[in-house]
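Novice: The structure's right below; bear with me while I get my questions together.
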Amino acid sequence: MEDCVTSPLQQDSAAAVQAPPGADVLVVDLDGTLLRSDLLWESFWEVLGHDWRSPAGVALALRDGRAALKRHLTERTSLEVETLPYDRAVLDRIARWRAAGGRTALVTASDERLARQVGAHLGCFDEIHGSDGQTNLKGPEKARFLRERFGAGFTYIGDSRADLAVWQEAGAAITANASAGVRAELAQRGIAAEHLAGAAAGPRDYLRALRPHQWLKNLLVFLPLLAGHQFAMATLLQALLAFLAFSAIASSVYVLNDLLDLQADRHHPRKRERPFAAGRIPIAHGAAMTAGLLAAGTLLSVLLGPVFFGVMVLYYVMTTLYSLALKRRIVLDICVLAGLYTIRIVAGGAATGVPLSVWLLAFSIFLFFSLAAIKRQAELVDMAQRRTLKSRGRGYVATDLPFIAQAAVAAGYVSVLVMALYVSSPDVAELYPRPDLLWGICLVLLYWITRVALLTHRGEMHDDPVVFAATDRTSQLCLLAVLLLVIGGTL
């Protein structure tokens, strides 16, 4: 529970003592003000994450108005209000107001049932009012309600243009997380207001939401060129466009996944700091980001021809299904992740016209299955350290750890076996004058896979082994050794 509690919560707003007009009542808005998020969007994504068919019901409910939509979502959601991102400055102001003997009311356009859950958790409101399924308590409707209930003396904390009508009726105005435009409008209307400092989302937050560090995976589109020794400038440019297309579409899915995983991320020691989970970026912006990135990636995909476009459609369908359902299917989720890695290599071949080696695809499937299993192993090790029995948003339990760890190592060693068979095959002599040097790659891979599995077992692995490898000095040296062995084999 937050530390703004100063008196018991009065649960029944209808039974609250009628307040005479005066300056002793502090009315607080919820969405975007007390809460650095929006319960309507929180509910929508939480419901969608559990039932991909839910948009049909949302569309039907919306025909009866926004209040009906909010009630529809509230009846189907299981939001955990304890983990929502509350605004510390607003909580502090509420605590000081109550310490001075004032009364507080939470009045919001969100559904009243959810508002009461928030109020019960915080324990610092004397009254709670919200939309009731028929009336959307927002803008002029909220202003009318507050004028009738409290007169003209109340103080109001809000954040958006919808609150301008309320501020005009209030005795004192306070903004929290309000945009420069809202503040300017208040000044133009001659409303003196106090502005609580808020951390506005910056370009860095939006960039972080795209997960640019994950773009390292998209370098796999260049692998067919390296494996086939195809380095013509036109081919490299095609691969670069494929990289950009993959990065845009992958980021659109990352944003979508963050929206679907808001509650699970807030329980994670590191993922809770992601921009959407932490409330640094409005959830409503997430849908626009997803659509914009998808459109940009689609345009680039079309430029690279129908085969590449088809591969990208397959990738997007697989990632969307993974986000909506498959990530909760044990083992199948690992297979899908391994397939998504391998699709990047297939896309590189499709974009450049370079034929794909069966050896390369076989090696990739087993190696990426190993890395995907290590990713799950790292999550299970983290669960064990936090004494959590079941993962949130996944289908695994803590006792699955030994099996997943064995699967990760086994698949990794099979990938080394595939590499060894390739080195000993007649195909390798066509590309490498000195194929004997490539045996060193097998030794490097054996060392690296074993080391990564051991570090994961110790709980020292980042959630994503690919990102770990990009920042780990030993992994970088292993990659350098592989490149030197490949160059030596071609000389």
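A Cβ is built for glycine as well, from the same backbone N, Cα and C atoms used for every other residue.
What TrEMBL records for this protein is below:
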type: TRANSMEM; residues: 239-256; note: transmembrane segment
type: TRANSMEM; residues: 277-296; note: transmembrane segment
type: TRANSMEM; residues: 302-318; note: transmembrane segment
type: TRANSMEM; residues: 330-350; note: transmembrane segment
type: TRANSMEM; residues: 356-374; note: transmembrane segment
type: TRANSMEM; residues: 395-425; note: transmembrane segment
type: TRANSMEM; residues: 437-454; note: transmembrane segment
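In terms of burial and nearby residues, how do these features look in this structure?
Specialist: Note on the transmembrane segment (239-256): residues 209-212, 214-215, 217-219, 221-222, 225, 276, 286, 289-294, 296-298, 300-301, 303-304, 308, 312, 315-316, 319-320, 323, 344, 347-348, 350-352 of its chain, located 6 or more positions outside it, place their CB under 8 angstroms from a CB of the stretch.
With a threshold of 8 Å between CB atoms, the same-chain residues lying at least 6 positions outside the transmembrane segment (277-296) that come near it are 32, 35-38, 41-42, 45, 84-85, 199, 201, 205-206, 209-210, 248-249, 251-253, 255-256, 258-259, 261-262, 265-266, 271, 316.
If one looks beyond the transmembrane segment (330-350) by at least 6 residues along the same chain, the residues whose Cβ comes under 8 Å of a Cβ in the stretch are 217-218, 220-225, 239, 242, 246, 304-305, 307-308, 310-312, 314-315, 318-319, 321-322, 356, 360-361, 364-365, 368-369, 371-373, 375-376, 394-396, 400, 407.
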